[in-house]
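First up is the structure itself, then whatever we jot down about it.
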């Protein structure tokens, strides 16, 4: 059997086929590598989101200590009556925060500092209206109105930035609101559990209880007063601050030290506006702060000024690089939970059934928002692969 000598044309054809085969293998390998790299980047992003949400919960917990700290100061009044306006402690706290933050913003980019000043102004709006509202309405009602931030943030994000409101955001917001209403006693589980046995005995007892007690409570809760209108400044001020911080973190992402600069500028602005507030309350004259020059009070002011203000705002800025303003609003709805816990640990306050149930509901809202977003991301990634 004779073998046919391959022609030059055949050799070139075989070489071309071999080259195409090798090229296809290299290309397939490259595509596989890119896919795996994309998966790794997605996983890193998911881990980053969870870390950011965890940081927001830490910030909420740190802010929860403010209530115990303020109540501690008010309880240590050695010369009653202690009728100092809230602007005094606000100035003492935020003046410390502003002074500590001045070296942070010194020499930084002007545009970033101005952005922080704007965010600080919105935070001041929330804080001042909260303090003024507490003079006429209960702390529970004020806290419930403050929790409306979980509603105001998605709405403002839709109106200002065209960001769609997801079903997960709506569900998480409603769960959070119901949890705060339980925690603050607007829904009394002790009363509900007490009425339940009566329902088994006579329907009339339940009807009487609902008409005389529950309806009266609902009417009181729904009554609108000047304090309620002032308290609405909380979800507007805090909510818009979250959105603007998130916006500026993205806008200045290539600017060095932007997180510290924005956080420091916020503290400086709040300190300046707190000074104007206390001057307004005292007709342009600074009051005597000598009563605060005591060890326990100085420690409390340093804690609230440095840790719960400067440090917490810095952590918030880090988290909002990855998390959204809606994530922040949902996480911060847990602040009353932490306030109750620290009130129990530091002040010996009692935790009732409403505290446990309301706290569990609020933390459940945080989990709903986080898990639903993660499921959406996983679904999107699966569809992309297919």
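In case you wondered, yes, glycine gets a Cβ from its N, Cα and C as well.
Annotated domain 'EamA' per TrEMBL: 56-182 (among others), in sequence order.
Taken from TrEMBL, the feature domain 'EamA' applies to 226-368 (among others). The predicted model assigns the domain 'EamA' (226-368) a mean pLDDT of 86.
Annotation source TrEMBL lists transmembrane segment at 50-69 (among others).
What TrEMBL lists as transmembrane segment is 89-107 (among others).
The transmembrane segment feature in TrEMBL is assigned to 142-162 (among others).
Panel annotation: around the transmembrane segment (168-187), residues 139-141, 143-144, 147-148, 150-151, 154, 217, 221, 326, 329-330, 333, 336-337, 340, 354-355, 357-366, 368-369, 372-373, 376 of the same chain, lying at least six beyond its termini, place a Cβ under 8 Å from a Cβ of the stretch. Feature annotation from TrEMBL assigns transmembrane segment to 168-187 (among others).
Under the heading transmembrane segment, TrEMBL lists 259-280 (among others).
Taking Cβ pairs closer than 8 Å, the transmembrane segment (300-320) reaches residues 52-53, 55-56, 58-59, 62-63, 65-66, 69-70, 72-73, 89, 92-97, 100-101, 242, 245-246, 249, 259-260, 262-264, 266-267, 270, 292, 327-328 in its own chain, all 6 or more past its ends. Per TrEMBL, transmembrane segment is recorded for 300-320 (among others).
Counting only same-chain residues 6+ beyond the ends of the transmembrane segment (353-371), those with a CB under 8 A from a CB of the stretch are 49-50, 53, 57, 150, 168-169, 171-173, 175-176, 178-185, 187-190, 193, 326-327, 330-331, 333-334, 336-337, 340-341. Annotated transmembrane segment per TrEMBL: 353-371 (among others), in sequence order.
Long-range contacts of the transmembrane segment (50-69) within its own chain (CB-CB distance under 8 A, at least 6 residues past either end) are made by residues 300, 303-304, 307-308, 311-312, 315-316, 318-323, 327-328, 331-332, 334-339, 341-343, 346-347, 366, 370, 374. Sorting each residue of the domain 'EamA' (226-368) by its DSSP state yields 114 helix, 0 strand, 29 coil.
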